[in-house]
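Engineer: Here it is: the structure, laid out below.
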Amino acid sequence: MQTEQLISQLFDGQHLNQEQIQQLFHYIIQGQLSNEQLAGVLIALKFRGEQTDEISGAVKAIIANAKPFPFIDYPFADIVGTGGDNANTINISTTAAIVAATLGYKVVKHGNRSVSSKSGASDVLNALGIKIDLSAEKSKQALDNLNLCFLWAQQYHLGFKHVAPVRQILKTRTIFNILGPLCNPARPKHQLLGVYTPHLLKIYAESALRLGHQHSIVIHGSGLDEVAIHGKTDVAEICHGKIEYYSLTPHDFGFTPKPLETLRGGTAEENAKILTALLQGKGKDEHNQAVAMNTALLMKLFGNDDIKANAEKALNIMANGKAFETLNQLKLYQ
C-alpha cells in the first residue's frame, strides 16, 4: 500500500523527499514493483524532472543494497558519464582512466553496458579481453598494483536486473542514467562526472555535495557528457563544501577546437581498436586531445590544478606507449 501511495504522489506531480524516494528505490531494487509500475515511475520522474532530494535518496538506497567493496585507504577517484548524450563517441572516459592510472593516480572506474549508444565501458572492456566481472578482492589487488580497476555495475548492484528490461524497452534516458555514476560501490569522494545536459549540472553537483563528496567535478561539453574538443565545457566543481561554476574551452588545455564528428565511434570492437591505438601512441590527434583533456580534469581531483600541464603529461604517456602496458597488465587479472 505504501508503494502505491508513493507512486500515486509521483503521478500527481508531487516531489518526494529524500526518505520517501529512498524507500521507493529500496522497493525497486528489491524487485517489488511490476514492470508496468516501474515504467510509470521512470517516465513520471523523467517528465517532471528529478530533484536533489530524489537523486541523493535513490543513490543511498542503491548503495545500501549493493554488494560491498573492500575499504580503500588511499586517495582514489572515478571518471564516468551519465551516457544518454546519443553522440556515439569513442570510449573517452575508459581511455582516460587507463592513462591516469599509468600516470600514478588511483582510479576505480564504475561502468555498465551501453543503454543508449553502441559501446559502453563494459562493452569495450569485453572486446579488449578484460574480465569485467572480477571478484571484489581481485579488483582491489588490481587497484593496489596497477592503480586501476573496473567495477561492473551489474555485478555489484544485483537489483539492477529488475530495472534493465524496462530501461531497454523504454530506450531513453531515465533517472538511472543520472544515478548510475553516483552509485560506485567503492564510494569515491572524488569523481569526474559527465552529464548529458547542462540542466543537470547544478542538481548533480548539489546531489554529489549532499552525498558527501570532497572534491568532484561535474561537466557538460556542448552536447557531450565529456569535456568538449569542439566548444565550451560547462563545469560545476565541488570542493571544500562549496560549488563553483565556470566554463572551459580547448584553449584552456593548450589545444584548438576540433570538430565533434572526429570523435564518432562504432561498435565495441571498433572502439576497442581505437582505444588500443591511442594507448600505443598511434591515435588520431583529435582522439588524443579528447582523452588528454578529460584526463587533465581527472588529475585536478588529486590536487593538480594546472590543467594545461596535466593534458601535456597525458599526451606524453600515450605517445610513449606506457599506457598500453597498463592495459596488458590488467588483462592478466582473470
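A Cβ is built for glycine as well, from the same backbone N, Cα and C atoms used for every other residue.
Among the features that Swiss-Prot reports, 5-phospho-alpha-D-ribose 1-diphosphate binding site is placed at G81, 84-85, T89, 91-94, 109-117, A121, with the record citing sequence analysis. Summarising the annotation, Swiss-Prot assigns anthranilate 1 binding site to G81, N112 and lists sequence analysis as the type of evidence. The feature Mg(2+) 1 binding site is assigned by Swiss-Prot to S93, E226, with sequence analysis given as support. Taken from Swiss-Prot, the feature anthranilate 2 binding site covers R167, and the record attributes it to sequence analysis. The Mg(2+) 2 binding site annotation in Swiss-Prot covers D225, E226.
Can you tell me where each of these features sits in the structure?
Structural biologist: In the three-state DSSP reading, N112 (anthranilate 1 binding site) counts as coil. All protein chains considered, the CB of N112 (anthranilate 1 binding site) has 24 other CB atoms within 10 Å.
For E226 (Mg(2+) 1 binding site), other Cβ atoms within 10 Å of its Cβ number 28.
For the recorded site, R167 (anthranilate 2 binding site), the DSSP three-state label reads helix.
In three-state terms derived from DSSP, D225 (Mg(2+) 2 binding site) belongs to neither a helical nor a strand segment and is classed as coil.
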Engineer: Near D225 (Mg(2+) 2 binding site), which of the binding-site residues G81, H110, N112 can be found within 10 Å, Cα to Cα?
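Structural biologist: Checking Cα-Cα distances against D225 (Mg(2+) 2 binding site), the binding-site residues within 10 Å turn out to be G81.
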Engineer: Closest to E226 (Mg(2+) 1 binding site): which of the binding-site residues T89, H110, N112, R167, going by Cα position?
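Structural biologist: Smallest Cα separation from E226 (Mg(2+) 1 binding site) among T89, H110, N112, R167: T89.
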Engineer: Looking at the binding-site residues H110, R167, which one has the fewest other Cβ atoms within 10 Å of its own Cβ?
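Structural biologist: If we count Cβ atoms within 10 Å for the binding-site residues H110, R167, the smallest count is at R167.
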Engineer: With every protein chain in view, what's the tally of Cβ atoms within 10 Å of the Cβ of S93 (5-phospho-alpha-D-ribose 1-diphosphate binding site), excluding that atom itself?
Structural biologist: 24
Engineer: Where does G81 (5-phospho-alpha-D-ribose 1-diphosphate binding site) sit in the DSSP three-state scheme?
Structural biologist: strand
Engineer: Between the Cα atoms of N112 (anthranilate 1 binding site) and G81 (5-phospho-alpha-D-ribose 1-diphosphate binding site), find the distance and write it as a whole number of Å.
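Structural biologist: Taking the Cα atoms only, N112 (anthranilate 1 binding site) lies 11 Å from G81 (5-phospho-alpha-D-ribose 1-diphosphate binding site).
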Engineer: When DSSP is mapped onto helix/strand/coil, what comes out for T89 (5-phospho-alpha-D-ribose 1-diphosphate binding site)?
Structural biologist: strand
